[in-house]
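Okay, structure first, notes after.
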Amino acid sequence: MLALQRKLFRDLWLIRSQVFAIAMVIAAGVGVCIMSLSTWKALELTKDTYYREYRFADVFASLKRAPLGEMQRIRAIDGVRAAQGRVISGANLHIPGFAEPITGLLSSLPQAHELNQLVLRRGRYPDPARSEEVLLSDALADAHRLNPGDQLAAVINGRYRTLRITGIALSPEHVYQIAPGAILPDFKRFGILWMPRRSLERARDMDGAFNDLVVQLSRDADQARVIREIDRLLMPYGGRGAYGREDQLSERFLREEFGQLKTMAYLFPLIFMAVAVFLLNVVIQRLVATQRENIAALKAFGYHDREIFRHYAELVAVIASIGILLGIALGTWLGKGLSNIYMEYYRFPFLLFSLPLDVLLLVCPLALLAALGGSWRAVKGAADLPPAQAMRGELPVDYKASWLEKVGVTRRLRPDTRMVVRYLERQPRRALIAIAGLSLATAIMMVGSFQMDAANFMVHVHFDVTQREDVQLGFTEPVAQKALGSLRNIEGVRYLEGYRSVPVRLRNRQFHERINIQGLQTDAQLQKVLDIEFRELRLPPAGLLLSERLAQNLRVRVGDLLQVEVLEQGQQKVQIPVAAITQQFFGMSAYMNVDALNRVMQEGRTFSGALLQLEPGTEEGVYRELLDMPRVAGIGVRQAMLNSFNDILERSLLTFTFINTILGGVIATGVVYNTARIAFSERARELASLRVLGYRQGEVAYVLLAELGILTLLAIPIGFVIGHHLCAFLASQLQSDLFRVPLVLESRTYAMSALVIVVSSLLSGWYLWEKVRGLDLVEVLKTRE
Amino acid sequence: MAKPVYSGGRHFQSRLTCITENRWRLTDHSYNANVWNAGMVHMDREQVFHAEGLTKVYPMGDLEVKALRGIDLDLYRGELVVLLGASGSGKSTLLNILGGLDSASSGEAWYCGDSITSASLETLTEFRRRHVGFIFQFYNLIPSLTAQENVAIVTDIAANPMPPLEALKLVGMEARANHFPAQLSGGEQQRVAIARAIAKRPEVLLCDEPTGALDSRTGVVVLQALERVNRELGTTTVVITHNVAVRAMADRVIEMTDGQISSVYVNPDKKTPAEISW
């Protein structure tokens, strides 16, 4: 090993605590990156493999009822490789010992080689000869600890049936197991049942018919054309409009969620690495300053600039490499953990997790380049030091009376305080760098907890302001107004409102969205609509209200005309103007006055479901009665949704946030510690002189601690501003069709990030205190000049 | 008058090597009627350094500090020159310019016929790397390297170095080869610095206050090491000092005052460092 390399390793050992602090910051950045990217990649790969191996369909359509004979015409469409007509039915499920309603989805069991193959987790397939045998989706089974052999009750088509579970299964169609219309999965209250086709046909009176279609396309098929053909064929059978995989409920949610994961996978590391790079620059610059004489000597011996450059670049590279290696280990470990947490929500039969080589090939060189780039100036400065100048050491800073003193502010200050003020004022660049580092650390901490604040606010607005019902129910078929009377008579129902929900395709030029228009009563109390400023919006007598995201997707503004294609019986096509834009955090919605909607549908006052407010304590009885009503297709309990939402938040988002907060804390501490260390080593001689002159340890430490304190106090508010902007950026990047993340920052978030910085400062202050105590007066004064 | 023209690093190096082989080649600097050369005992010996009208001005805010005010100088192969002068007289500036560490504001200097003052930084680096050994007042050892490694840092990049241990032996430091600078006394550190400077077998050794930080007894040991290298390796040695006692061991003593050479004195009876004390 060459002597210069030996110097490299000895130097590294000498500044090992700083090396460790920087390596940890880099490790945090690389770790977050690897964690998020490997999780995202693993989930994408798992999804693609699952879809392929279990023949997930490309095009879906639901309809009222068509004879199976129609399937031949569908299979004959150019571009259709395979197609199956299925029977699908809603059901209310009842599990012994669980009082709340459970929404069930019944599907005919796919035959071998048909599309949307199931994965049988446990047990066996049902016997086609036994009409009570079913397969149950694993999420509901897990949530209620149901096993093959157990029984559950279902109200299908108004008839009460007892079913026996023969096996637990998964389907690529339901990776994201969410009830239609829900905003988040609720494994306790939603499940899928698969029945042999004959049994379900009989239960739904669908002999020789189908009400749902799945299609696989050939490789070069034109999907839009196939969808048009299917729509044309199914129109007479009450077709509700075919749609591609991209609009399939589970896939759409997955795509949006994976998209968010990807955004975070790129965004967080970016922020973390930026701070790491900044820190590296500061530390290397400091290191170079302490090694000026070494550099001068090396140059005097004839070392080339490029050799000096390489030496310090190697130093940076070694530090970065330590950080990168730590980051890879950390990221892989966290990524595995995080993937497994996601696996609880995405019902995949397997997880294909590996450390993706392309991620490594991207992240490692990038991190290394970022580190080198960040310290470029410092390293270049070292190489460019003219040897004679380097030998003379740094010139003393030119201190003059500051403007603060000229105005007389500092006249009353003690000499030591004056030293602090002058130091900060005369070396504004160094003070600014320290403040920048500390404020970035503050900002990073805020980014961690911002997501939680946003989620809490979203929950508050959705569940406390807009959705005020206790129970929401849907009917199997739209009903006339008088049918609501039987609901009103149930004991415990205090108040109710009907609503109309119509599946439509909204179209503006080439932009279109499939969505349900919610028809609300003018004076609706249980479902509020908010305008952009969160003010309650009174429903206009006509016109469409679109949530912001929906309006954006369709490129429409208030006053524009939208083409509305009804996807229910009647298949009306009408033009309706946009009357207002609404504020909404979850999903996308379109609202209309129910009377106007009824007019569009050319029907009398008709409702698709109702919102109920209950007397406290009567819930169980009401649920039981509702479940016995043949027309009630599904029930949603607000409190249950809220609980499951919080549960999901805690397990998934909180985990991610928690990890980010920890890593943010690592960075914050790294920055503060380095700032303190640098302040000490820059002024060791000065402080030793004070000690020699008879200053006590406390008085000397005061000079340093006061400086650190002032820097910290200046940095925190600046950090708040930077943090606010970072969060705003993050919020703008996290918008999707599923969520709109508001920029909400609780005072707790500010307090928390300030606290971490203050505690890091106190710890670093304690370190300084110890350093001042250990100051070797003789040794410090002996070194040159 | 034919001034040597610098025409590139490679040329510079080959010229320098060739001069080393023609040890007694006469240079054509006879134009120089400089008083310092008139009647020189070294007239027949090879010139290593030649300087004409060197000045150096440092800007200090609005002021200009003139560190050198027109230096004319010749140094010859194998001689031991002591550069005397008070603090601020310009000794170190002159040494730094001759050693290729600093640039002159005006005037010219040549090493073995090649211009130092008009050479590129890259060429100067090459020049220091191959031909110059430096010794500093504060040793400038690299604290994270042992004595032997501090020598190796120079031998690693030299063309024809001696083994680091042999260099340490020359200064009597072989027993402490594996000690770190912090474990060595000032005199020991300076001897390591000398070993480091001579290990590459330089043509010239430039020493800036080598005994400045040392007591008399230790200083003598260091001077002995310098004298031995000068004698045994024939290295042209320039020693800066403000210590008048050191002049006794010189071949020539050049005294500087206020950025100018105020006197040159040829020492008729050189003493060994052991005979010197202060």
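FYI, residue positions are counted from 1 along the chain as it appears here.
Cβ coordinates are placed from backbone N, Cα and C, and glycine is handled just like the others.
Here TrEMBL flags A:20-40 (among others) as transmembrane segment.
According to TrEMBL, the transmembrane segment annotation covers A:264-284 (among others). Here the transmembrane segment (A:264-284) has Cβ contacts under 8 Å with residues 15, 18, 21-22, 25-26, 28-30, 32-33, 36-37, 39-40, 312, 315-316, 319-320, 323, 363, 366-367, 370-371, 373-375, 377-379, 433-434, 436-437, 440-441, 444, 447, 656, 660, 663-664, 667, 670-671, 674-675, 678, 726, 729-730, 733-734 of the same chain, all six or more residues outside its ends.
If you look up TrEMBL, you'll see A:267-380 (among others) marked as domain 'ABC3 transporter permease C-terminal'.
What TrEMBL lists as transmembrane segment is A:315-334 (among others). Note on the transmembrane segment (A:315-334): residues 8, 11-12, 19, 22-35, 38, 276, 280, 284, 287, 355, 360, 363-364, 367-368, 371-372, 375, 379, 659 of its chain, located 6 or more positions outside it, place their CB under 8 angstroms from a CB of the stretch.
Annotation source TrEMBL lists transmembrane segment at A:346-372 (among others).
Annotated transmembrane segment per TrEMBL: A:431-450 (among others), in sequence order. Tertiary neighbourhood of the transmembrane segment (A:431-450): same-chain residues 268, 271-272, 274-275, 278-279, 282, 423-424, 657, 660-661, 664-665, 667-672, 674-675, 678-679, 711-712, 714-716, 718-720, 722-724, 726-727, 730-731, 744-745, 748-750, 752-754, 756-757, 760, selected by CB-CB distance under 8 Å and a gap of 6+ residues from either end.
Within its own chain, the transmembrane segment (A:653-680) is flanked in space by residues 17-18, 21-22, 24-25, 28, 31-32, 35, 264, 268, 272, 275-276, 279, 282-283, 286, 334, 337-338, 341, 434, 437-438, 440-442, 444-445, 447-449, 451-452, 455, 687, 704, 707-708, 711-712, 753, 756-757, 760-761, 763-765, 767-768, 771-772, which lie at least six positions past its ends and keep a Cβ under 8 Å from the stretch. Feature annotation from TrEMBL assigns transmembrane segment to A:653-680 (among others).
Per TrEMBL, domain 'ABC3 transporter permease C-terminal' is recorded for A:663-775 (among others).
The transmembrane segment annotation in TrEMBL covers A:701-731 (among others).
Residues or ranges marked as transmembrane segment in TrEMBL: A:751-769 (among others).
Within the chain, the transmembrane segment (A:751-769) has long-range Cβ neighbours (under 8 A, six or more residues past its boundaries) at 438, 441-446, 449, 664-665, 668-669, 671-673, 675-677, 679-680, 697, 701, 704-705, 708-709, 712, 715-716, 719-720, 723. Note on the domain 'ABC3 transporter permease C-terminal' (A:267-380): DSSP counts are 97 helix, 1 strand, 16 coil. Same-chain residues lying 6+ beyond the ends of the transmembrane segment (A:20-40) with a Cβ under 8 Å from its Cβ atoms: 258, 261-262, 264-266, 268-269, 272-273, 275-276, 279-280, 283, 319-320, 322-324, 326-328, 330-332, 334-335, 338-339, 342, 353-356, 359-360, 363-364, 367, 371, 659-660, 663-664, 666-667, 669-671, 673-674. When DSSP labels each residue, the domain 'ABC3 transporter permease C-terminal' (A:663-775) comes out as 94 helix, 1 strand, 18 coil, counted as helix, strand and coil in that order.
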